[in-house]
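Below is one structure; the comments refer to it alone.
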Amino acid sequence: MLLSYLRERLRLTGTKYGCGGGGCGACTVMVSRYQPSTKTILHYSANACLLPVCQLQGAAVTTVEGIGNTKTRVHPVQERIAKAHGSQCGFCTPGMVMSMYTLLRNKPQPNMEDITEALGGNLCRCTGYRPIVDGCKTFSQESNCCQANGNGAGCCLNGDSSPQRSENLFDQEDLLPLDPTQDLIFPPELIVRQQDYQLFRGDRMVWVSPVSLEELIQLKTSHPQAPLVMGNTNIGPDIKFKGAWHPIIISPTRVQELFKVTKTPQGVCIGAGCSLSVVKALLEGLVQEIPEEKTEIYRSLLQQLGNLGGQQIRNVATIGGNIVSAYPNSDLNPVFAAGNCILNVASKRGRQEILLNKDFFVGFGKTSLKPDEVVLSVFIPVSRQGEFMRAFRQAPRKENALATVTTGMRVMFTEGSSVVKELSIYYGGVGPCTVSATKTCAAVIGRKWDEQTLSEAYTQLLDEISLSPSHPGGQVEFRRSLTLSLLFKFNLQMLHKLWEMDNKVGLIGLETNMVTFSGCHKNVWFFFQAVVKDQSGDDPVGRPIMHRSAISQATGEAVYCDDIPKMEGELHLVLVTSTRPHAKILDIDISEALQVPGVVDVITSKDIPGKKFRTFTGIDEDILAQNEVSCVGHMVCAVVADTRNQAKRGAAVVKIGYEDLPGPVFTVEEAIEKQSFFLPKRMIEQGTVCLSFVWAIRLGGQEHFYMETQSMVVVPSGEERELKVYLSCQHPTYAQESIAETLGIPSNRVSCHVKRVGGAFGGKVTKTSIIACITSVAAWKTGRAVRCVLERGEDMLITGARHPVLGKHKVGFMNNGRIMAADLHYYANSGNTADESLLVIEKILLHLDNAYNVPNLRGRSVACKTNLPSNTAFRGFGVPQSMLVTENMINDVAMMLGCNAEEVRGKINMYKEVSLTHYKFEFDPKNLLRCWDECKEKSDYDRRRKSIGQFNQQNRWKKRGMATIPIKYGIAFSDGFLNQAASLVHIYKDGSVLVSHGGTEMGQGIHTKMQQVASRELHIPASLIHITETNTSAVPNTCPSAASFGTDANGMAVKDACETLYQRLEPVRKQNPEGTWQIWVFHIDKQEGQPYAYYTYGACCSEVEVDCLTGDYRTVRTDIVMDIGRSINPSVDIGQIEGAFIQGLGLYTMEELKFSPSGVLYTRGPSQYKIPAVCDIPLQFNGIGEPVLFLGSSVFFAIKDAVAASRVEAGMVGPFTLDSPATPERTCLACNTPFTQKIPASKQGSFQPWALNIP
């Protein structure tokens, strides 16, 4: 693939590996091709991980290094994303840059929709996307318009005064102008190059690229089983992730007949090789050219194309490939089939036309095409008079996500009436292929389109399209209900059309019931505490300073662990993991693996010279499994080889003999039944608690999904057997100690180096150290450098996630909502090892009160030992789970009393005066109350609450909800010895300063902040201060960069060190008061920081709009107020605010880890596991200060508020269960619409579900 070619052969490491499947955008490059037919250059973005190098003949590829760098000239895109603070960890930044750069090459003045579409295929886990969009929208003419900023009512274009400006985080007046004349030209030699038949031979595969249609047909005749590869979006992932192998691949990308477009009065014929982006642009043009009534099918296709994949995928995926791959949840095939589209195919037997209908799709990934037939084109007809078509889809994420259910529906009415002449309904996602509701259509044809007809149609459809309770993909009740609700949506829109046609069909207020979500992120304002008036202009503390590495991250020059150049003799390590959840290891046969060319050795537990286990919180964990495996993904051994592919082939043939052990445990209910716990259990209590009624809520786990997977390079020095370890890690000291103990050598022989980390969020502490131990054993044994970089699927399988939790609560309260007693019990699914679970369940109990003064309070928590991969630390460290249960309790009390939840929260139960927590910690809640009041005021809560009530009365099928959530969050580690830090500051004779400290740079800007602190304390410009890396040889015995305490502890250490040095320079300064810094300097020192802890307070108000028919939602507005004291760097901290909020939004509404009934993780990449994307930013996002992840739960409770309004329509009031995350499935089923009520529930225990219900 192009990605490995760029990184390994050309050493262009700016293009990153993020997932390997085209789902994250980290590897985005620009591909340019000459178009002979139009004599123009086509530029398009693409995923390098899916681009075969041999398919790029005649193309020019531009990477992030090619558009600008710090040595010559930075491109405006790179500069603006950096200066807008859109680069935190920076791993996703080159991909973002290239997506935007490609857009500007095609459209130098894009609008906001262009920008959000261009970035739709790129993921970021740090920023929350707002600063990235802010940087990009400076290229748009809309960027300074009030309408683009959510203030259309008083728009400056209408002559109205502009709205009050918020604080600026960067100066837009000082940006490099975009000058298209400075862009790279297309290489002229590629224009005149002849197109020849090509053949490439590899060790295991032959790649053939014909030029003519005759050559293509001949090849397909000779090799009927050979796949045709155009965009490689189907075959590529199958080869990489499913182990598919094809001895010959045919790539007809240069066969011009496959790209022809023919327009006729009857419709348009589009070549099968045309990319989906080309098809989209073509249809957009046709919609503008021909009468609207003829464009029904075109507009339905456009609606689906807008959400199908990211821009990079649409740019290479072809219309023909999309059809013949015949995915069961295809977005386009139901529309093609319902629209009576026709395929033109060719073979040695000649050409023929095939109607796309129910007979074409015959099974999973199968069509009626013969193996030697080639699809030439697809004909899409124009619509006829009285013919209407609609397409609907529901997916886990609004954009760039495979659909859960998708449909194409077409109806034709008899002229002048509402009698149905033709009806065609096709669904995707409810069978092994695209399916037709033939019987339902037959029951409607010939009848009037009215309520009685459609009511009978729903019954017929329910009988016709059924799914077994164990159907692959699960969500059976939800998917079945969607078939009905999407037909109902079609019904609403057709009634509206009939009304427009004046066919006397009753229609009163129908438009308000039609649910659509549109619009892009528009409005953001934020305020932050300004520096004091008398602060020196040279003092950078408190100012929004750009991340010190932002520019190099945007240019691709920033070096991450896997960007380190390969060393002489370096080996690659691939882990071999268990395929059984609970079994004895009988034997490990490595003989076949050792025969694979390039394989050097296989590392097992027997090769470990020192300790074979790690001890964390007093419980041992094997580095490599010795006698028993306890989860699927348990590390058993590791293969080292000359290349990664060779190591993968070797790992694939390692044979492990197992003897299954009885009774694996997967859920917390099973753990409770079998008393499978990591001890001790935890309990905390104040007052007297005696309650009986129990409510419960389940919170699912969350994958860290840091953009840079686990990465490390271990280099043995040879002399005195020292090791240099370069790794992506939050706790290099723990890695150092672990490696030393594993090898049985002193820690002074191991030095760990962390330049920067491409995201971590708690996931790069314990498991990173264990994998580093395994890699170090390989380096120790072979005497050669060893590199280990996990693929995304391996990383997700092995490294664990946030703890899923089952929370139960009992509560006693007064009629006014005052909670007098509460009993909360938390069951955390820890997985197969203790890891940090005991610390997590401890912190759960320390935060269970959140912001509320409950006089009688008991909390109990337990870490459940199960046979799933071990869960670990994650941003918030148990607090998001703890507080969700508490807030759900508050919500239930309010619903029991029929009153406003915000009243129960703020007015009745919140801490009001100096108080003691349940663990006897005294604090003053003044700032908590201030945040709460200010949040309600700035969010205009009271007025909007009334407006939401009116909205919900006027709309049956869409509801709005709002929730305001407070937070009281303890900063620092509960174990005091972890709240310390050290710093080493060098002052060189030329006046330059080198600062070393124990914190690792993970995107949180700690190096930037330390530079600001040192600049203030030494009274010198930040340009004189350098921070090179975190190194255990420079600053030993450090604590992890975690618990939101890295800046506090290390900042104090840097401050103390600089103060000491500055004081030592005092005599010199007095002797020469007119001297410069360079004349004064001469000495070095190191000081320890002092531990301290405090609370941070805040509140967040979110409003959502929910589509009750599908469970989709949109965050209309979010207001955040947070008090954390005085910010060192507001731009960095606001970035942390928004990133944490969006991550919390993902936790509580979107992200789901799915395990099979045998404990196998299904969700191993971005195609199955959805994190928030650009489309998920609140339409209006307002913030003050730095919140934490838990505030994302305001969206969860706003959804619950909207669902409650829907349930009232069904006659249901009072508390109800809505588990987290509030996915569209859970939201839709909780709304309890007439359509969900029609779905019969499957009897529990009568079937094996597709996925476990975790926790």
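Cβ from N, Cα, C; glycine included.
What TrEMBL records for this protein:
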ACT_SITE  E1186  active site, proton acceptor
BINDING   C19, C24, C27, C49  [2Fe-2S] cluster 1 binding site
BINDING   C89, C92, C124, C126  [2Fe-2S] cluster 2 binding site
BINDING   L228, V229, M230, G231, N232, T233, N234, I235, D331, R393  FAD binding site
BINDING   Q730, F761, R875, A1043  Mo-molybdopterin binding site
BINDING   F877  substrate binding site
DOMAIN    1-67  domain '2Fe-2S ferredoxin-type'
DOMAIN    200-385  domain 'FAD-binding PCMH-type'
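Listed binding-site residues: N232, N234, Q730. The one with the lowest count of other Cβ atoms within 10 Å of its Cβ is N234. The shortest Cα-Cα distance between R875 (Mo-molybdopterin binding site) and any of the binding-site residues C92, L228, D331 is the one to C92.
For the pair C19 ([2Fe-2S] cluster 1 binding site) and C126 ([2Fe-2S] cluster 2 binding site), the C-alpha distance works out to 16 angstrom. Neighbours of the [2Fe-2S] cluster 2 site: apart from C89, C92, C124, C126, residues of the same chain with C-beta atoms within 8 angstroms of the site's C-beta centroid are S87, Q88, G90, F91, T93, R125, T127, M707, G758, G759, G1003, G1139. C89 ([2Fe-2S] cluster 2 binding site) sits 20 Å from F877 (substrate binding site), taking the C-alpha atoms as the reference points. Per DSSP, the domain '2Fe-2S ferredoxin-type' (1-67) is made up of 18 helix, 19 strand, 30 coil. Under 8 Å, Cβ to Cβ, and six or more positions away along its own chain, C124 ([2Fe-2S] cluster 2 binding site) finds C92, M96, I132, M707. For the binding-site residues given as C27, C89, M230, the lowest number of other CB atoms within 10 Å of the residue's CB is seen at M230. Under 8 Å, Cβ to Cβ, and six or more positions away along its own chain, F761 (Mo-molybdopterin binding site) finds R125, H704, Y706, F874, R875, Q1143. Cα-Cα distance from the residue listed as 'substrate binding site' to Q730 (Mo-molybdopterin binding site): 15 Å (rounded to the nearest whole number). Annotation for C49 ([2Fe-2S] cluster 1 binding site): spatial neighbours M1, L2, L3, Y17, C19, G20, G21, G22, C27, criterion Cβ-Cβ under 8 Å with sequence separation of six or more. The highest number of surrounding Cβ atoms within 10 Å, among the binding-site residues C19, C126, L228, F877, is found at C126.
Counting only residues at least six positions away in the same chain, the Cβ atoms of Q304, L305, N307, L308, A391, R393, A403, T406, G428 sit under 8 Å from the Cβ of D331 (FAD binding site). Of the recorded residues, Q730 (Mo-molybdopterin binding site) and C126 ([2Fe-2S] cluster 2 binding site) place their C-alpha atoms 15 Å from one another. Looking at C24, C92, R875, the binding-site residues in this record, the fewest other C-beta atoms within 10 angstroms of the C-beta turn up around R875.
Over the domain 'FAD-binding PCMH-type' (200-385) the predicted model carries a mean pLDDT of 93. Annotated pair L228 (FAD binding site) and C126 ([2Fe-2S] cluster 2 binding site), C-alpha to C-alpha distance, rounded: 38 Å. The [2Fe-2S] cluster 1 site is defined by C19, C24, C27, C49, and by the 8 Å test on Cβ atoms against their centroid, the other residues of the chain that qualify are L3, K16, Y17, G18, G20, G21, G22, G23, G25, A26, N47, A48, G95, R792.
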